[in-house]
């Protein structure tokens, strides 16, 4: 249960973060020669999000685990003894060498996550404020309090897609590899560079896939799939998700469950799908983002009760923030402000409900006591 202070902190981060970016990249001001001022405002927005995420205490489901690991890594004599990504280990060791406490890890991780996300909108600065809005309200901001290493990798993937659009193959592979140093699952996307430009599916295909995904949701895969075999298979790969597979049966969200959260996300997914043809026609550059977003929506509809699929699917679902940003931009441009404002209000309410439920252990919020 969240207290008033928690709502104040998160809603302040939301409105300040969005407002500063909106002012920084407002189309009415970017041509006046005030680029430095624009960047300063965007930087202040980034700073707000980083400070809230970095200077927290015992907030986030994995806070205590990361605090414990921070101390353990400091005492390592052999890196191979620790089954974590090398990028994470090196970062923590450097911070320990500088005699910094665990808050420094949370702060730097938050900076990397949000900076990369901001940077991924380099070619779409005018809709960055909408991207930030949906990043926060659709749960990715609070998720970054919990899945810290994967959140960095997810934002790195968004940058990689930007490089793929620009046909910068070396940049693409470098950012994928760097992201993989924080979370090994990132390496799954190494081949994506060669296919992301070639995928242009019809809206008919996506509607059929959406319908099938709803049917798949009712199939109890946990009773069909050999979890031990999957665990052994995944444990032997570069991407070690065997531990998620082994915990599959313990996941509370069972096949066929029609929870409020599931129904809301299905509804949002369908809303995104209905704009597919119009958006990719008006904004051709949105196609790879939309393709990845719809892939994530289909996977979520089908397998939300399979934990290891859910963790991988976060990468795809992040691109719903881009799709929603393009949609809202279109609605405002086409004088459909009433619908656009209603969507924004809905997501603010969704965000407040997530705070109320304490999603990802983000409530109650506590500032670090120095």
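Every residue gets a Cβ built from N, Cα and C, even glycine.
TrEMBL annotations:
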{"type": "TRANSMEM", "residues": "6-25", "note": "transmembrane segment"}
{"type": "TRANSMEM", "residues": "37-57", "note": "transmembrane segment"}
{"type": "TRANSMEM", "residues": "102-121", "note": "transmembrane segment"}
{"type": "TRANSMEM", "residues": "128-149", "note": "transmembrane segment"}
{"type": "TRANSMEM", "residues": "169-192", "note": "transmembrane segment"}
{"type": "TRANSMEM", "residues": "204-225", "note": "transmembrane segment"}
{"type": "TRANSMEM", "residues": "255-275", "note": "transmembrane segment"}
{"type": "TRANSMEM", "residues": "287-308", "note": "transmembrane segment"}
{"type": "TRANSMEM", "residues": "314-332", "note": "transmembrane segment"}
{"type": "TRANSMEM", "residues": "339-358", "note": "transmembrane segment"}
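Taking residue pairs at least 6 apart in sequence, the transmembrane segment (102-121) and the transmembrane segment (339-358) share fewer than three C-beta contacts under 8 angstroms. Take the transmembrane segment (255-275) and the stretches 37-57, 102-121, 128-149, 287-308, 314-332: counting Cβ pairs under 8 Å, 287-308 has the most. Scored on C-beta pairs under 8 angstroms, the neighbour of the transmembrane segment (128-149) with the top count among 102-121, 287-308, 314-332 is 314-332. If you count C-beta pairs under 8 angstroms between the transmembrane segment (102-121) and each of 37-57, 287-308, 314-332, the highest count goes to 37-57.
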